[in-house]
Amino acid sequence: MDTKNTEIKGKERYKAGVLKYAQMGYWDGDYQPKDTDVLALFRITPQEGVDPIEAAAAVAGESSTATWTVVWTDRLTACDSYRAKAYKVEPVPGTPGQYFCYVAYDLILFEEGSIANLTASIIGNVFSFKPLKAARLEDMRFPVAYVKTYKGPPTGIIVERERLDKFGKPLLGATTKPKLGLSGKNYGRVVYEGLKGGLDFMKDDENINSQPFMHWRDRFLYVMEAVNLASAQTGEVKGHYLNITAGTMEEMYRRAEFAKSLGSVIVMVDLIIGYTAIQSISEWCRQNDMILHMHRAGHGTYTRQKNHGISFRVIAKWLRLAGVDHLHCGTAVGKLEGDPPTVQGYYNVCREPFNTVDLQRGLFFEQDWADLKKVMPVASGGIHAGQMHQLLSLFGDDVVLQFGGGTIGHPMGIQAGATANRVALEAMVLARNEGRNIDVEGPEILRAAAKWCKPLEAALDTWGNITFNYTSTDTSDFVPTPSVSM
């Protein structure tokens, strides 16, 4: 019998000094995961000569209780329960040398309601492990008992729609451009023009905080003046994502309180502030009836490459637990990374009460969200009115469609850019509701609407043929991944 991956127990274990991870009990090919286990799927690339099962056991060990040698203090713990267990290893289809490694963790290993603690175990150490050329966390499954220790989004999609009194169609937004350099007064003018033209939201970008050209307080004052004026003139509830990201939590709370005092309904933070800060701001938003918008700034440094890092679907799961109301999830048709099925998988993580296994969309596990509120996905980055049929078909109603350059760059002005997007959306939703095939008839529907809307006509003439047809880096490993054609 081959014993190289068989656990060594008893006194022989503690005489051994250094054992293989599989021999220390971190591999169990017969293990059946429990409903209460936290499950993780890693993509691993072992060094030449390293047994994939041993590599998988090492991942389980180094993300739970192991160190490089046997330690007698294991005997002071319930080590059989505390050890994570790699229980399945499969070759990655079409990628020699890479393996999918499934690992189960007993729920007792994790602090309740703490993304910081969860990530310290799952990704804290294993990604630097020498026997692995590369490792990537592809997906996770959280038991209901663990999900219930989190409060989730402070507002959720249903309550947000009730506050806006907007139902049955996507929300519209735009990012103020240029990102940097505008004075507070000019910034507020851009916000007013976009909202007056028909958008629901305008937003700060990820790197606009409090720079010499525009102090944060000036921005907040001019922006909220614009929001209130546009709301009064249109009769619609409007908002602007005020970015409160700062160098300390104390300063972030100070900015959040000022935004609230001005009547803002929403604040924004960047992913780079960290999970503890995100959970803290989420709790503040919950206590103060504020919507929390999350910009995923920095995620591409570790989510884009298929062989090493963390899939964005995992980040989306962590952020739903941590408690954000909006999350940038990609566009599939815009300028940023993401093929259609993969991006749809991110949206499913945000919006569904229960995720089923869907390998085409990168979902390897079922996930019961235990009535945790839903996150509103945001599609932003290189999109324009000419793609409205694709965006509506891909993502449905519960999404914020943000046209930054596609609003601010309109040849007839900002307000005209907003109007073009609003008319394009209304025309496409109407056509869909009438039973028309918007995938096929989309361009025709837009051109018909443009006959009665000069701003839309100008938008289609300016950007109608603009596409970003590049091969996605992060794609499904199980099915062909089609591109979206205009």
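Using the three backbone atoms N, Cα and C, a Cβ is placed for every residue, glycine included.
Per Swiss-Prot, substrate is bound by Asn125, Thr175, Lys179, His328, Ser380; the candidate from Arg217, Arg219, Arg296 named for the same site is Arg296. Each of the binding-site residues Asn125, Thr175 was scored by how many other Cβ atoms lie within 10 Å of its Cβ, and the smallest score goes to Asn125.
Sorted by the number of other CB atoms within 10 A, the recorded positions His295, Arg296 start with Arg296, the lowest. Proximity note: of the listed binding-site residues (Asn125, Thr175, Ser380), Thr175 have a CA within 10 Å of the CA of Lys203 (Mg(2+) binding site), given in sequence order. Reported as a whole number, the C-alpha separation between Arg296 (substrate binding site) and Lys177 (active site, proton acceptor) equals 18 Å. Reported as a whole number, the C-alpha separation between Lys179 (substrate binding site) and Asp205 (Mg(2+) binding site) equals 6 Å.
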